[in-house]
Structures are given as structure tokens and as C-alpha cells.
Amino acid sequence: MSEYTKQITRLISEVRSKKPLIHNITNYVTVNDCANVTLAIGASPIMADDIDEAADITSISSALVINIGTLNKRTIESMILSGKKANEKGIPVIFDPVGAGASALRNETTSTILDKIKISVLRGNLSEISYIAGRNASTKGVDASEADIQSNDSIAVAKAAAVKLGCVVAVTGAVDVISDGKNVVTVLNGHKMLSNVTGTGCMTTALVGSFCGAVKDYFKAAVAGVTVMGISGEIAYEAAGHKGTGSYHIAIIDAISRMDENIFGEKARINEI
């Protein structure tokens, strides 16, 4: 195990010992799963999204997670108010721009959030982050494997978005890439069955938020959150993949709840580029 992986591994105990309160303003498709993975990794979730209390809840939280999976005007207002309060209090903001590039409302909301709120970590898939970075991800190439193409695209896009926004960026996919614009880490953990369960990206963002609430190094926090989901996807497949996606879904949360430094250290495939 590399020294860097050892440093990331120790963050598991940090979250479980500190039990940070994580404020999630997320979508109604995955809100229950996001709350459960936050609990499973050792943090404490609160899912308040009403405009009359959202900023107050943020002010007593250790991190704010904003997810635009299901949008409405009132929730958008809550996101902006909470984000501003987090910035005022020095609380990290983790942003998941679900579907950015897909509709005018999502594009406008993404732009508004990025204009009005200082983001600590941006987590999305290659398409979403490419849109934000103003780049088109390459999908061509006959000699490279699909994973290699995705990795190369993700590295370029993650670095570009990180430089543009001045934050940590995590692009998740077949190969996960985390960058702050200068440093780059790839995570090779995960299983293709994760894509058959709705909300695994949202859950990953919630995990990143949980780590950001416990440690001030948001780059390492992002690496830890992404890796925990990847490892848990692998463990869940071994335990329940043959049973179908429902059992696999539950097994992911089970695996996160059992995650410790020994499991993480043994299975993590983290590479500094």
C-alpha cells in the first residue's frame, strides 16, 4: 500500500469518530439512499430543503451537499441561500450537477449555483463535468480501450473544470478521476453493476460530503468518498450481485456500513498521476 493510500485510509476513522452533521439538499428519487449512506459511513444526515429553515440548518452543519436531480423553483432558492450561508460560515459545499447540459433549467441552475456559491468539491459524470468545463468529451479511438478513453477524457475535463472553478473536481465513471487542477488521482475500484442501480452517483456525492465534513483536505476527502463507493460496489457484487439489482442495492449500503481501515486498505486501488 502506498503512503498516499495509507493517508486516505485513515480518513475512515476520522468520519466515524467525528460523526459530522451533513446537510443534504438533494432530490426525491435518491434522498433516502443518500441519508442511509451518510449514516453508514458514520456521519449524520439532515435533509432539510424548505426555504424557511434550509440556511439555518446549514449554519449548524459540517458540510452542505447540493444535488439538482429533481428541481423546482423553491428548492433552487433554498440551495442558493444555504450555499451562501455555508460560504459565510466556512462550511464546505459539495455540488452534484445532475443532468447539467440536458435542459435549460438545469443549465441555468448550474450556472447560478456556480456564480453565487463557492464550491469546495464538484462531483459528476463525464458528460456533466464536460458541460461545466466547456469541453466536449472525446468518444473516438480504435486502439484504446473504452476505459482508457474515458480515463484520458476524464483527466482533461477534471483538470479543466478544477482550474475554471478553483475547486476539487471528481469525475466518476469506469475510471474515477479526482483533480484540483494540478494534482490528479485515479480510482480503479467499482463494478459495472453500479450503473444498474439508480442514485449511486448521488450516493457517492453524499459520501464525499461526509468526508468533507470531517477533514479539511477536500481533495483527499473526495478521493476517500469515491473510493468507498467503488469498493462497496465490488463487495456488494460478490455478496448479492447474482440475486439481482434489488439485493445488490441493499448490499451496497451494507458494505459501506461495514467499511473500515482494513477493508479499505486491502481493496483500494488509488493511483497518483
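Just so you know, glycine gets a Cβ as well, placed from its N, Cα and C.
Feature list (source: Swiss-Prot):
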- MET47, GLY199: substrate binding site (BINDING)
- ARG123, THR172: ATP binding site (BINDING)
Sequence-distant neighbours of MET47 (substrate binding site) in its chain (C-beta under 8 A, six or more apart):
HIS23, ASN24, ILE25, THR26, VAL31, CYS34, ALA35
Under a three-state reading of DSSP, tell me whether THR172 (ATP binding site) is helix, strand or coil.
coil
When you measure from the Cβ of THR172 (ATP binding site), how many other Cβ atoms are you left with inside 10 Å?
27
Using C-alpha atoms only, work out the spacing between GLY199 (substrate binding site) and THR172 (ATP binding site) and round it to an integer in Å.
13
For a quick check of packing: other C-beta atoms within 10 Å of the C-beta of GLY199 (substrate binding site), how many?
23
List, in sequence order, the same-chain residues at least six positions removed whose CB sits under 8 Å from that of ARG123 (ATP binding site)?
ILE94, PHE95, ASP96, VAL169, ALA170, THR172, GLY201, THR204, THR205, VAL208, ALA222, VAL226
